[in-house]
Amino acid sequence: MNDQHEGCCGNAVDGSRRTWLASALGAGAFAAVGGASWLLPGLAQAAALTKEQRDAMTPDQVITLLREGNERFRAGKMQGHDYLAQKRASASGQYPAAVILGCIDSRAPAEIILDTGIGETFTARVAGNIANDDLLGSLEFACAIAGSKVVLVMGHTACGAIKGAIDGAKLGNLTGLLDKIRPAVDATQFSGERTSKNDDFVDAVAATNVRRTVDEIRHRSDVLAGLEKDGKIKIVGSMYHLVGGKVEFYA
Ligand SMILES: [Zn+2]
């Protein structure tokens with residue numbers, strides 16, 4: 001882990017780095033990072049988030065940037081990502097501002113719907129965005145070792161894993177995964193038809209599942225709960241709406 005730690009979190013600084021926060025916050029970002037030439041119009045070079053930029057942000061500022069990235073996505077005004085420049089700028093070190101725990105669904109790729117680039121967010125994906133020990137360890141690495149400020153649990157509408165849990169589907173190793181979602185089905189208060197055919201019920205269970213995952217992270221990770229208590233990170237739930245493309249933040 002030590003070698004990996006150094007590899008993941010070297011302290012290389014590249015003054016030319018520019019990220020999604022540059023275009024997202026404008027003057028606000030300028031204040032947040034103490035001023036840097038990469039914010040001046042015409043001088044911006046597309047590249048990755050620096051340690052200074054990331055460390056200067058509060059968890060709430062990171063959440064604002066993620067919200068604004070999603071607004072750009074919905075408006076069709078995503079940044080012109082220069083992935084080769086981002087790759088070069090981040091090769092010697094990464095300073096992601098957030099870690100996103102999302103579903104594997106092909107329609108919910110966090111980096112695209114939040115308009116982030118290489119080196120800006122960690123992304124953990126598992127069907128139904130549940131938190132098991134290995135995922136908790138990944139989130140702990142992202143925040144406690146690599147310095148991310150936000151854990152964003154992101155469910156989505158029309159989730160197949162949620163439907164499978166509602167139906168009690170059984171298939172190989174998937175059975176055990178769906179068992180972890182099942183308590184969210186039981187815990188969802190809903191007056192209509194409680195089947196996977198009812199989109200509203202499916203989405204209500206998905207919302208419950210996100211909130212349960214957030215609770216589980218807090219209760220099963222002393223590391224993350226401690227960081228949140230100290231104000232160093234925020235653990236936030238959210239729901240990505242496939243229709244419309246909005247990421248609804250539960251914060
Ligand atoms: Zn899903």
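Backbone N, Cα and C define each Cβ position, glycine as well.
TrEMBL labels come from automatic prediction, so no person has curated them.
Annotation source TrEMBL lists Zn(2+) binding site at CYS103, ASP105, HIS156, CYS159. Per TrEMBL, transmembrane segment is recorded for 20-44.
When secondary structure is read from DSSP and collapsed to three states, HIS156 (Zn(2+) binding site) falls in the strand class.
DSSP assigns CYS103 (Zn(2+) binding site) to coil, not to a helix or a strand.
Of all Cβ atoms in the protein chains displayed, 20 besides its own lie within 10 Å of the Cβ of ASP105 (Zn(2+) binding site). One way to see the shell of the Zn(2+) site is to take the Cβ centroid of CYS103, ASP105, HIS156, CYS159; the remaining same-chain residues with a Cβ within 8 Å of it are GLY102, ILE104, ARG107, ALA108, ALA127, GLY128, ASN129, GLY155, THR157, ALA158, GLY160, ALA161, ILE162, ALA206, TYR240.
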